[in-house]
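**Q** Straight from TrEMBL, here's the annotation block:
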- A:LYS95: active site, schiff-base intermediate with DXP (ACT_SITE)
- A:GLY156, A:ALA182, A:GLY183, A:ASN204, A:THR205: 1-deoxy-D-xylulose 5-phosphate binding site (BINDING)
- A:4-251: domain 'Thiazole synthase ThiG' (DOMAIN)
Amino acid sequence: MFTIADITLHSHLLMGTGKFASARQLTETVKASGTELVTLALKRLNLQQKNDDILAPLQQLGVRLLPNTSGAKTAAEAIFAAELAREALDTHWLKLEIHPDPRYLMPDPIETLTAATELVKRGFVVLPYCSADPVLCKRLEDVGCAAVMPLGAPIGSNQGLQTLAMLELIIEQANVPVIVDAGLGAPSHACQALEMGASAVLVNTAIASADDPVQMAQAFRLACQAGALARQHGLANKGGSEGSSAVASSPMTEFLEAL
Amino acid sequence: MTPDFYALWQQQDWHDVQMHSMAFKREDVEVALHKAQRSISHNSQLKLTDFQALLSPAAEPLLVELATTAQQLTRQRFGHTQQLFAPLYLSNLCANECSYCGFSMSQKVKRRVLTAAETEQECQALKNMGIDQVLVVTGEHERKVGMPYFRQMLPLIRRYFSSVMLEVQPLHQADYVELRQLGVDAVMVYQESYHQPSYQHYHLKGQKADIRWRLECPDRLGQAGVDKIGLGVLFGLANWRTDATFLAMHLLYMQQRYWRSRYSLSVPRIRPCSGGIEVQHPLQDKHFVQLICAFRLLSPSLEISLSTRERAGLRDQLVPIAITSSSAGSSTRPGGYAVDPEALEQFSIDDNRSPVQYQQRLQQLGLAPVLKDWDLYLGRET
């Protein structure tokens, strides 16, 4: 369980909605994942059409929608998309994505910080996709972002937690939820992120590109549950969970105590 | 800064590249394939020489492995989706003489330039077919179908579609900056051939005979910040392996230098046209598949489009492997959708399925048709 803005979420898995073979497959997969928050690209939606092939099934499922600004290369474009999304989807939650590099879809830290600053002022709950840069994450938190979403590896790359050392610093320093977004290729990657103390992970390609997306969504759901449970109850090899400083006794500590 | 592409092209010797592309061994192909497979979960970028190995005769026995890897990379990057578009021909006026093209100025065909009202009629007809992404095409006639005409037509067209691509004569950098503001999201300028003697042999008169003006065009597009840049060769004019190698060089050069743009590849093969020529270097189906797979392995993020020049049976096989964008229900004549369905085609098409029929087929193939994936507010800042 964790909280973004004033909303409590029970699932630690967020899902992306691109890359699925059909609306039906998307629906079944979202259900199997247990997710309560799904992101969708505003540019993909046909807002003039009543039964959009992505939007309509998600609205029926009743999951919370997190529109994203993918396609935007600048802060101005992202802000424009955000306003459109707020009006069309009746939500002030926003996943801010600005990637000017279409090859690896790397987020632009400068434009992202600029847009986040403005969007928070305009009343949005901003969840920015960003590089795994501890200072940038603090800066995003400082301007009022409701969470930070650093990348584990390039989007869609399945490489897992390549930015591990930086993610550890980000999690250690954060006062808002840290959601590891992008690059996770296997349930074990998601589990590891949660064991480390991430509040959640966001997955799309690893589920949508699996041979059986529905079963893979279930696997990610279980992995996230396992990771969160492990984190909560004190991992033996990680020095205990947050707030717990119990250290096992040993002959050396007995010697020190006797001094 | 490295020299621009024209200078790089001048430094190459076509004959050497052609000889080199024949000299690869099976081991070279296996190394390239291994790198490509590794790129599914690691940073593992192929080099030009890997691409040449994949194009070489030594790769022919490994075509199944190439196609399997290509399919995995395509699905990983683009998901189980296929973008749909349709061409919108505005004019068949042309000031060039190209011996393979039905629009060439010496061809005795009825010429037509759509008026604003006719253009809107065509847009509405496409919209009624469910099309939301168009490729605006004209013959190359700078004087009568140049910037003043585009300034008039593009804002009209833009109102109907979420994405507008353009395939017209090469223009100046400042024109491309203006076109972006008028609503153009992508510009396709196909080189046709990188082999100068063949290029000059087929392009006899008009501005198109100036190979340099065309070769430098992608640089102008990159400098103008055009969001999507389309490169391509017309296969059949010169040796396919060598032309494809030059095309790959051009792509790698562009990706490195203009890193904010997306790239799209078009791989047309010469089709019969009215008054046309005999194809000197035919590209067989087997090699066509090899070529497309090699490009996918070289660049997983590359968009590859396939037109209705190709027959339905082959398209249905190729699309799931490596194609990201395809047209359906196409007419290759100005006014062909609504104004004058009897007019002359630029080239004959070989897949006559309607957009609805084609979408149904895609769904059977496990691919979700994507009609809209862009919007007017993206890419306008200059």
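Placement of Cβ uses the backbone N, Cα and C atoms for every residue, glycine included.
Please treat TrEMBL annotations as automatic predictions, because they have not gone through curation.
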**Q** Quick one: give me the count of other CB atoms within 10 A of the CB of A:GLY156 (1-deoxy-D-xylulose 5-phosphate binding site).
**A** 25
**Q** Out of A:LYS95, A:GLY156, A:ALA182, A:GLY183, A:THR205, which recorded positions come under 8 Å of chain B, measuring Cβ to Cβ?
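**A** The answer, in sequence order, is A:GLY156, A:THR205.
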**Q** Around the recorded 1-deoxy-D-xylulose 5-phosphate site, report the further residues of that chain (criterion: Cβ within 8 Å of the mean position of the Cβ atoms of A:GLY156, A:ALA182, A:GLY183, A:ASN204, A:THR205; site residues excluded), sequence-ordered.
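**A** Along the chain, the qualifying residues are A:GLY16, A:ALA153, A:PRO154, A:ILE155, A:SER157, A:ASN158, A:LEU184, A:GLY185, A:VAL203, A:ALA206.
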**Q** Taking just the CA atoms, what is the gap between A:ASN204 (1-deoxy-D-xylulose 5-phosphate binding site) and A:LYS95 (active site, schiff-base intermediate with DXP) in Å?
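**A** Given the Cα positions, A:ASN204 (1-deoxy-D-xylulose 5-phosphate binding site) is 14 Å from A:LYS95 (active site, schiff-base intermediate with DXP).
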**Q** According to DSSP, which of helix, strand or coil covers A:ALA182 (1-deoxy-D-xylulose 5-phosphate binding site)?
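**A** DSSP call for A:ALA182 (1-deoxy-D-xylulose 5-phosphate binding site): coil, neither helix nor strand.
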**Q** Taking the Cβ of each of the binding-site residues and counting other Cβ atoms inside 10 Å, which one has the highest number: A:ALA182, A:GLY183, A:ASN204, A:THR205?
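**A** Compared across A:ALA182, A:GLY183, A:ASN204, A:THR205, the most Cβ atoms within 10 Å surround A:ALA182.
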**Q** Find the average pLDDT over the domain 'Thiazole synthase ThiG' (A:4-251) in the predicted model and report it.
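**A** So the average pLDDT across the domain 'Thiazole synthase ThiG' (A:4-251) works out to 91.
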**Q** Could you state the whole-number distance in Å separating the C-alpha atoms of A:THR205 (1-deoxy-D-xylulose 5-phosphate binding site) and A:LYS95 (active site, schiff-base intermediate with DXP)?
**A** 17
**Q** Could you give the Cα-Cα distance between A:ALA182 (1-deoxy-D-xylulose 5-phosphate binding site) and the residue listed as 'active site, schiff-base intermediate with DXP', in whole Å?
**A** 13
**Q** When DSSP states are folded down to helix, strand and coil, where does A:GLY156 (1-deoxy-D-xylulose 5-phosphate binding site) land?
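**A** Once the DSSP labels are grouped into three classes, A:GLY156 (1-deoxy-D-xylulose 5-phosphate binding site) ends up as coil.
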**Q** List every residue in the same chain as the residue listed as 'active site, schiff-base intermediate with DXP', at least 6 positions away in sequence, whose Cβ is under 8 Å from its Cβ.
**A** A:THR39, A:LEU66, A:PRO67, A:ASN68, A:THR69, A:LEU127, A:PRO128, A:TYR129, A:MET149
**Q** Determine, from DSSP, whether A:LYS95 (active site, schiff-base intermediate with DXP) sits in helix, strand or coil.
**A** strand
**Q** Among A:GLY156, A:ALA182, A:GLY183, A:ASN204, A:THR205, recorded 1-deoxy-D-xylulose 5-phosphate binders, what is the largest CA to CA distance in Å?
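**A** Between the outermost Cα atoms of A:GLY156, A:ALA182, A:GLY183, A:ASN204, A:THR205, the distance is 9 Å.
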